[in-house]
Every structure is written in C-alpha cells, then in structure tokens.
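Each remark here refers to the structure printed beneath this line.
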Amino acid sequence: MATLKVPAHVPAPSEDAEQLHKAFEGWGTNEQLIIDILAHRNAAQRNSIRKAYHEAYGKELLKSLDEELSSDFERAVVLFTLDPAERDAYLANESIKRFTSSNWVLMEIACTRSSHELFNVRKAYHARYKKSLEEDVAHHTKGDHRKLLVPLVSAFRYEGEEVNMTLAKSEAKILRDKISDKHYSDEEVIRIVTTRSKAQLNATLNHYNTAFGNAINKDLKPDSDDEFLKLLRDAIKCLTVPEKYFEKVLRQAINKLGTDEWALTRVVTTRAEVDMVRIKEEYQRRNSVTLEKAIAGDTSGDYEKMLLALIGAGDV
C-alpha cells in the first residue's frame with residue numbers, strides 16, 4: 001500500500017536526467033526541481049534515471065547530489081534515490097559503524113523486509129562492502145543481542161499464508177513457559193522469533209493472547225535498563241504490526257527536545273513506497289495530529305518539502 005505519488009505521465013529517464021543536470025547548473029541549485037522529479041518516481045524509475053544520467057554525463061547521479069546538496073535534505077534525497085536493497089545495505093553498514101542504536105536499525109531491516117528483500121540486502125551488502133552482513137553483525141554485537149540479531153539478518157522465512165494451528169498452540173506454550181521463567185534469550189524463544197513465517201508468528205501470538213490472557217509484549221514489558229528485552233519486543237512488533245513500530249519511531253524522533261533527523265529520514269525514505277498509508281493512519285490515531293502536520297511543525301525548508309512529498313502530503 002504505497003503512498004508515493006507517481007505522475008500519470010512520467011517523462012523518459014533521459015528527460016529526467018537532463019532536467020536534473022539543469023538543476024545542478026548555474027549559480028544556485030534548483031532544489032524544487034530535484035524534489036519534483038526524484039520524490040515522484042518509483043524505485044525502478046529512479047534506477048533508470050541514474051543509468052541515463054551516467055550515460056549522458058559520465059558521472060554518478062548520487063555523486064552530483066552529494067556535491068550540490070547538504071545536510072538533512074541531501075541525506076533524504078540520496079537515501080531515497082538509492083535502490084531499496086542498496087539503501088538498506090548502506091543503512092545497516094552505517095548503523096554498525098556508528099554504534100548508536102545500531103541494533104535497532106539492524107533489527108528493523110531484518111524484521112520488516114520480505115525474505116526476498118532481505119536476501120537482496122545481503123547481496124547488496126556483500127557487493128558493496130566485500131563482507132557478509134552476518135559477519136559484520138556478529139563482529140559488532142555480543143551476548144544476547146548477537147544471539148538474536150545474527151539469525152534475524154540471516155533469515156529466509158516462508159512468505160505464504162499457510163498456518164499450522166497445532167504448532168501455533170505448542171509454540172505459544174513454549175514462549176509462555178520461557179517468559180514466565182524469565183528465560184528471554186532461551187534458544188527456543190530465539191528460534192521461534194527468527195525462523196517462523198510472519199503468518200505463523202501471528203497465529204502463535206494470537207493464541208498466546210487468548211490462552212494466557214495477555215499479549216506477549218505485555219509479558220515482556222522490560223525493566224527500563226534491559227536493552228535486550230526492548231529489542232526482542234520491538235522485533236516482535238516489527239514482525240507482526242510494523243506500522244505500530246514505525247509510528248513509535250516517528251513519534252520519538254519528532255517529540256524529542258531536538259528532532260532526531262536520522263530516524264525521521266530513515267523511516268520516511270524506507271517506508272514511502274511500502275506502508276506509509278498505514279503508518280500515517282496509526283500516527284494520527286495515536287497522536288491526534290496528522291504526520292504531515294507533525295513533520296511540518298518540526299522541520300523546515302527543502303528538507304521539510306522532501307519529506308512531505310515522500311509521505312504523500314496533499315494526495316487525494
């Protein structure tokens with residue numbers, strides 16, 4: 001359910017490439033033209049524009065954008081222009097190197113992409129960084145975090161809707177027993193969360209709720225200083241109700257004393273073509289204000305215009 005508004009008549013990639021080249025020429029960069037083109041093209045069209053630009057001008061479009069733009073606006077435009085798998089590989093590598101909330105970015109990518117998308121992220125990571133994603137995650141994490149994250153980024157889940165209810169009931173009981181004993185990082189808990197299809201996991205968690213009278217995330221309510229427990233809860237949320245997870249990331253990014261532009265840009269650029277409609281609905285339901293209004297009140301200039309274009313502000 002994409003939000004991204006692509007015009008009914010889209011110019012040829014060579015025309016878009018020419019317009020972008022014109023936007024970079026002269027005394028000042030034409031930022032609005034860049035937004036008008038790149039924020040309104042889907043992933044395949046953006047890839048074609050990049051190829052056409054390189055053929056016509058012998059230069060990478062991303063390099064030109066990097067030279068002409070700056071700060072948060074540049075980051076939003078460059079991230080969105082990247083192919084989705086390439087973008088996720090970049091974000092994963094960046095988060096591994098930054099060591100700040102890196103575990104959450106890795107978990108988010110692993111749990112909210114389809115098996116095929118995650119497979120492509122691993123391929124893109126390998127091609128770009130000459131190492132495997134699993135290798136880097138294992139190297140830069142430790143303890144229970146490593147125990148959860150390595151199988152998450154390695155996963156290739158069944159994507160169908162087939163569900164085994166007998167299995168759902170037995171695994172709901174396993175989860176309940178382990179959580180009751182506070183064995184949160186038990187290999188059985190990790191196995192269920194990191195290998196089961198999203199449909200199977202939903203069935204298991206629904207049964208958990210019905211049989212034991214509590215949603216699993218309530219039983220996993222973390223002590224404020226238990227980072228692993230928070231990560232496990234968010235992984236379950238990402239796998240089952242991603243729009244609720246992304247709403248929370250956006251709310252925290254916008255409602256901080258200073259805006260967390262990194263988180264805001266990441267969520268908008270990665271979800272614009274996926275489930276932004278659901279995220280916007282969840283945001284309004286939870287905060288009694290539209291996401292458009294929240295972003296407009298917290299950002300400014302070309303950065304604000306780019307984000308609003310990506311979330312479909314003004315779309316009917």
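Each Cβ is built from the backbone N, Cα and C atoms, and glycine gets one as well.
Nobody curates TrEMBL annotations by hand; they come from automatic prediction.
What TrEMBL says about this one:
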BINDING   F24, G26, G28, E68, I254, K256, G258, A296, T299, E304  Ca(2+) 1 binding site
BINDING   D298  Ca(2+) 3 binding site
> Which of I254, G258 (the binding-site residues) has the most other Cβ atoms within 10 Å?
Replying inline: I254
> From the Cα of the residue listed as 'Ca(2+) 3 binding site' across to the Cα of G258 (Ca(2+) 1 binding site), what is the distance in angstrom?
Replying inline: 9
>> I'd like to know which of the binding-site residues F24, G28, D298, T299 has the most other Cβ atoms within 10 Å of its Cβ.
In response: T299
> Of the binding-site residues F24, G28, I254, which one sits closest to D298 (Ca(2+) 3 binding site) when you measure Cα to Cα?
Replying inline: I254
